[in-house]
Every structure is written in C-alpha cells, then in structure tokens.
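Student: Feature table excerpt (TrEMBL):
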type     : residues : note
TRANSMEM : 27-47    : transmembrane segment
COMPBIAS : 110-120  : compositional bias 'Polar residues'
REGION   : 110-132  : region 'Disordered'
COMPBIAS : 121-132  : compositional bias 'Basic and acidic residues'
TRANSMEM : 160-180  : transmembrane segment
TRANSMEM : 362-384  : transmembrane segment
DOMAIN   : 676-776  : domain 'Disease resistance R13L4/SHOC-2-like LRR'
Amino acid sequence: MFTLAEVASLSDIQPTYRILKPWWDVFMDYLAVVMLMVAIFAGTMQLTKDQVVCLPVLQSTVNSKVQPDTSGKADFTTVETTTGQEEASMRTVSFGSAPTVTPDILSRATSSQYQPTESGQELKKEQKDSSGRKTNLDFQQYVFINQMCYHLALPWYSKYFPYLVLIHTIILIVSSNFWFKYPKTCSKIEHFVSILGKCFESPWTTKALSETACEDSEENKQRLTGAQSLPKYVSTSSDEGSPSASTPMITKSGFKFSADKPMIEIPSVTILDKKDGEQAKALFEKVRKFRAHVEDSDLIYKLYVGQTVIKTVKFIFILCYTANFVNTISFEHTCNPKVEHLIGYTQFECTHNMAYMLKKLLISYISLICVYGFICLYTLFWLFRIPLKEYSFEKVREESSFSDIPDVKNDFAFLLHMVDQYDQLYSKRFGVFLSEVSENKLRGISLNHEWTYEKLRQHVSRNAQDKQELHLFMLSGVPDAVFDLTDLDVLKLELIPEAKITAKISQMTNLQELHLYHCPAKVEQTAFSFLRDHLRCLHVKFTDVAEIPAWVYLLKTLRELYLIGNLNSENNKMIGLESLRELRHLKILHVKSNLTKIPPNITDVAPHLTKLVIHNDGTKLVVLNSLKKMTNVAELELQNCELERIPHAIFSLSNLQELDLKSNSIRTIEEIISFQHLKRLTCLKLWHNKIVSIPSSITHIKNLESLYLSNNKLETLPAAVFSLQKLRCLDVSYNSIAVIPVEIGLLQNLQHFHITGNKVDILPKQLFKCVKLRTLSLGQNCITSIPDKVSQLLQLTYLELKGNCLDRLPATLGQCQLLRKSGLIVEDHLFDALPSEVKEVLNQDTSIPFANGI
C-alpha cells in the first residue's frame, strides 16, 4: 500500500510553478489531497477490518414428521437421509419446545429397542439442558462461509471503492499538472517562470518603475503650477527630437527620460553597478527571444483547455456511476453459496462490518467530487469568457507611463493571464522588460558608465587628412561623453542601431564630417539644426534605402554626400531615393550601389554638382540620359558599370575635366574623337577594361594631361599618344606592350610614366629626354640593361626596376640627385653591386616628399 508521503509526491510540483496556478487550481489540488486521504483511509480500513459475518437461514431440510404426544414429549420416527451422508449432512430441527435431533441422538434412538428406559432418560436430560436454535456448524465452516460470501454476496463496489477513489484521484492530479510535465510545454513554462522570477527581482525593474514614478510626480507638479510658471530646470526642447512642421525628426515614443530634470534620490536604486546592468541586459535579450519563441504557437493554451475538459468529463463520469452504487453499500446481504451438500444450508444472512463507514466515506467523496466539478465548470467558463490568447498591457502602460509596451498573443499571453490570477504585480514588473524605452534607458546608463570621457579620448586618432577622428563600432548607443570631445573633426558611427544624436552635439564646433555605417541615427531638433548649419561631409552606408535617415535630405549646407548600399526599394524595382532638392550646396555625390539607371533625383542637385561618382557592383548601367543635365560636373566616375562603350551622354558635359571609366567591359574607344568638344578634359582613365588598341583620333584631345590605360589588352602604343604635348602622366601598366616607341621623347612635360607588367626588353634613349620625369615604373618586364643616360633624369624620385633581367645597375644612378634608396625598387643583390659612393649617395636622407602622381 502507498504511504501518505509517496501519494502526496504525485501531486507535488516545483514551488516556482505556483505563480502559474490560479486559485481554482490550488483549491482543486487541496481537494485532490483530501480525496487521496479518503482513499488511503478507506483502503487501510478495508485491509485491516473489512469482513462479512454470515449465519444460516434455518429451514426444514429433512422429510421427517414430528408428532407431539399428550404429555408434551416428542415421538421420533425414522429419519430419511437424502444423500446417504449421515455423519456430515443430516440435521433435524424441532420447533417449539421440541428438542433438536442430532445424529448422536438418532443413533441412541435406534438402540433404544434394547435399552428403552436408559435412552429415554438421557433424552429428557438433553432436552432439559438445551435452549434456542442449534446449527451445530463448527468454526471452520463459519470461516469458510464468510470467505465465500465475501466474494459472492458483497457487491464489487463495496470491495473496490477505495481503490477506485485512489485511481480517479491520481488521474485528476495528473490532469491538473500535465501541462507542467508535457515535453513540448514544460520547457517553455520553465523558461517563463525562470525569466519572470528574475525580472521580478531585478534591481533594474525597481529603478525603472521608481524613475517613472518620479517623472509622473514632476509632470503632475508642472500641470498644477501651469505653463507660465515652468521651472528653469525643465527643458522646453523635445528630449526625443519631436518633429516640427519643416523638419520631420524622430517621433516621440514611450515616456521621456530628461537629463535636465532632477531625479528624486532613492537610495540603493538610483545607481546600478556593472553586474546588475549586465544581468538586466541579458534579461532583455532573454525576454525578446522567449517572446519570439512562444508567440508563434498556442500549444500551452490548448493543452490547459484540454486537461480542464478531461477533468470535467471525469467528474461527470464519476458522479453518474457513483450515484448508482451508493445504495449498493449495505449492512445486510443475502448469500447463496451453493454448498448445501457440505453444510446442509442453502441460504445465509450476512452483515458487512465496513458498510456504515464506507457509505459515509462515499458520501464525503461524492461531495468532494461535486465541489471539484463545479470548480472545473468555472474554469471552463473563465477560459472561454475572455480571449486568453491576447494580452494587453494597457493598465500597466497607464500606471507606469511605459507607453511602448507591446501587447502579446498566443501562449505568451495565456501565461501572463495565469500569472495575473496569482498576482498582477508580476505582469507590471515583467512589462518593464518588454519596453524598448526601458531597454534603451538601461543601455544608455550602462554605456555611459563604461565609455567615459577618458576612455573615448584614448580612441581618438589622426586620419590621413590629419584630422582628429573617433570611430565607434557596435555599441548599444552613442555615449554622452562623445559630445564633450569639442575638438573632434570626424565622427564615425558603425553598427549602432539605437544611435541618438542629442542637443549636446552643438558643443562640437569643429565637427564637419560624419559617418553613419548601418546606423539609422535619430537626431533631436536642436541637434538637427546644428548639423544642418555645420556639417560638410556625410557618409551613409546602408542595406536598404529605407535605412537612410530622413533628416539627411534636409542638410542644406552639406557639401559631400556618400551613399553606399542598395538604392532599390524592397517593395518594387524603383529607386527609393528621396528628393535631394534641399541639398542646395552639395558639390560631391558618391553613390556605390547596384543601379540600372542614374536616379532621377540626382538631377535635383545637377545645377551645382561638380563631382559625381557611381560605383556599381557589376550591374549593367543602361540609362545615362540624366547625365546630360549635369552640365557643371567636372569629375565623373562610372566604375564597374558593365559599360561596353563610352556613353554618348558624357560628350555633353562641357565642363568635364576628369573622366574615370574604370573596371568596365569597354573593348573599343573609337568614340574618343568626340572628346575634342570637351575642351577642359585633362584626365582620362580607361584602366581595367578590355581595350585592344588606341585610335589615332586621341590626338584631338589637346589638353589631356593624364592618361590611364593600365590593365587592358594593348600590344602597341601608337605615335598619336605622344603628340599630346601636355601629357604629364601616362600609365600603360599590365598590358602586352613589347616596344616603347622612340616618339616618347616628344613628351617633354611627362612626369610620370608607368609601363610595369609588359614585355619591354629595350629602353629607347629618347625616353631619357623626358627630363621632367619624376616617376618611372619599369618593373616586371624583360629589360636587360639600363642605359647610362638615366643620369639625365635629375628630377627622378621613384624608379622601379624589380622583376627584369638585369645583371647590373649603372653607376650613373648616383647622378639622379633626388633619387634615394627608398624610391629605388630593385633586387637587393643589384643594389649591393653598386659602387660604394653611389650607395652612399642613395642612402642619404632627404626632406623632399615622395610623390608618384597616382
């Protein structure tokens, strides 16, 4: 038999799950324990005291005649036996005052023929001694009859009632707690209870709610005093950057944490240490992931409804069949064991000694079941009275001013409804961790605690333009101390999704360049006004065009704008770039995207745009008609646009000075003759294409000063190239050129000549007539010797010879006055073979800066 402790453990659940058990579940658990006690009590009594006691029903089983004489003495006749078993089964019963006839008496009666007087005396003596009714059943026969009648006459319900109660109670207990044990729900419930407990006890919850209470009290005070008597310390500017009619800034969400408002000091909750802050941030992440995991299904709700329906059906079943068996538990029973041949009696009257107690226990059990069933019906009414798969934090939002707490659904909502039945304070404190405003506030506190002014100062560096630069990467926000770096020139914010630029940025008077890499920063109204008047250069890197902050299009004094990302809208193939009409002072526009046409909005800045750069990712740029409107563009770059020819729209750009068509698929440049109309064109970059020849019409570009044709498929250099008298830079590296024409000597203004990575084997002497050469790149060719006339290049500062077939270097290198070892790119053994006086000259320090013109 079960012990009480073992049975009680069947209904035991983890104490932490109690917050998910409403009063009806708790009450039903208590009822189940009482029913268990009833079952155990009844079962124990049945095992120890349950029995029936039976007595035979006396009736005439012999065919004898008893004739009383006038003197009142019985006259016995011969007794006939029915079966011939005289020792065991013959009993003759005499009613009234007649004595009972037994086999012994019968035997003595048969011998009375010989001793009539003695036998008659003995019979009279027995009649005188005996009284009542004799059955002459011995103890073993009674035990035998009691055992048989216990199973034959006693109803089954009287014997198994305690065990049925035990089984039913166990089923009800399992049904009540099944949702805590089912594999697909127990993990979610366990995580929810764990997170809920941590959220309830988190110091951040107390701090957030107390700050809200402080703000509410301050706002109430302000309402009472009126708008005219606003205290000096209350900021009238929007802490969240409220939009105005002309500048749509970030919208106001949630409640406001104003840095200007004095907070009421509350001991032990105003400051979070680093450990508490980290724990709170981890809780926000857990709540976010748990919500995403649980809100996608309603299995817990369905399971709870199912087990409640099962308990209700079970209650109805128990009540129906138990009511029919209440009357079967009786004190008296009639038994017909059919063993007349053994004991001589066919019917017995039996009494069940536990009947009275079992009936009382059964009535008690039925009462408990009725109460249990009414609670089940109430539970079903509660389950279907309101939509439990939706949970609104409206009351919490009103009480705590966390207006951004989202409503939840499905299993998450159902669990919160269950918690409310236990204590609504849990939901209120839990709602803090569903609020983005609360999370942002926590991040801000932790961020400012970690990134102090001293730490930020250590991360400030000097960039290539000798400007002070600060790069912040993957932070939860922008630390407040950043805005105290008043001498900062460049600020880079990368992968900071909750970046917020406050009004304190107006202190950074030197800030002119801002980088936003995957950082849709929000700005306050005052901060926007400062950026609009002071910002000169803005870099925005994004994944989708919708990530570009709206205030970017309103920076009237912006000079340079760099957009890097997908400009095609997600919903359609149209370019989602907004109008740039407000960028009235924009001079440089750099777009790195996957465009198929130049965005029409770019024409909004066409009248004052001087430089346009479009870097495609290999997408073919087809429509270029918009270029014709950019008449003031001086520099144009169309890189990696899969262009096969030089676009005709370019020939309309009369002010074009530099054209870069790098990394396209241009094979022929016959249209180059049209460049003669671009009188100001001085730099032409056709590198990294598939050009196989240079047309002679290139001579018409009279003002060309730089020509870049590297990484093409050129095999020869036509004489027409050397007729460009103003040419100062010629780059034909990495082609298949085998001969440097002698006409190169005509380029008297040539300062930079690059022919690295070709098949040149001989250097013409005319090359050294270009006495203005400062950079000469001859590496990775087949050159076997360097003429001594290299000494004529007195302005040479860079000479690349590495990767040729040289066996020595001319000693006249020492006469190149500006050439130093750092500018001489050659194998070490060739340099070591130079005379010592030449090496000494080359090793001298010089203050003349190196420049290669590229």
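Cβ coordinates come from backbone N, Cα and C, glycine included.
All TrEMBL annotations are machine predictions without curation.
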Student: Can you tell me which parts of the same chain pack against the transmembrane segment (27-47), counting only residues 6+ beyond its ends and a CB-CB cutoff under 8 A?
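Tutor: Counting only partners 6 or more residues beyond its ends, the transmembrane segment (27-47) has Cβ contacts under 8 Å with 1-2, 4, 7-8, 11, 21, 159, 161-163, 165-166, 168-169, 172-173, 176, 311, 354, 357-358, 361, 364-365, 368-369, 371-372, 375-376.
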Student: So if I exclude everything within five residues of the ends of the transmembrane segment (160-180), which remaining residues of that chain have a CB under 8 angstroms from its CBs? That is, six or more out.
Tutor: 2, 7, 10-11, 13-14, 17, 20, 25, 28-29, 32, 35-36, 38-40, 42-43, 46, 186, 189, 300, 303-304, 307, 310-311, 314, 318, 329, 358, 361-362, 365, 372
Student: Let me spell it out: take the transmembrane segment (362-384), skip the flanking residues so only those 6+ beyond its ends count, and list any with a Cβ under 8 Å from a Cβ in it.
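Tutor: Same-chain contacts beyond the ends: 24-25, 27-28, 31-32, 34-35, 38, 161, 165, 172, 304-305, 308-309, 311-312, 315-316, 318-319, 322-323, 326, 329.
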Student: Where does the mean pLDDT land for the domain 'Disease resistance R13L4/SHOC-2-like LRR' (676-776)?
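Tutor: Overall, the domain 'Disease resistance R13L4/SHOC-2-like LRR' (676-776) comes to a mean pLDDT of 93.
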Student: DSSP on the domain 'Disease resistance R13L4/SHOC-2-like LRR' (676-776): how many residues come out helix, how many strand, how many coil?
Tutor: 22 helix, 14 strand, 65 coil
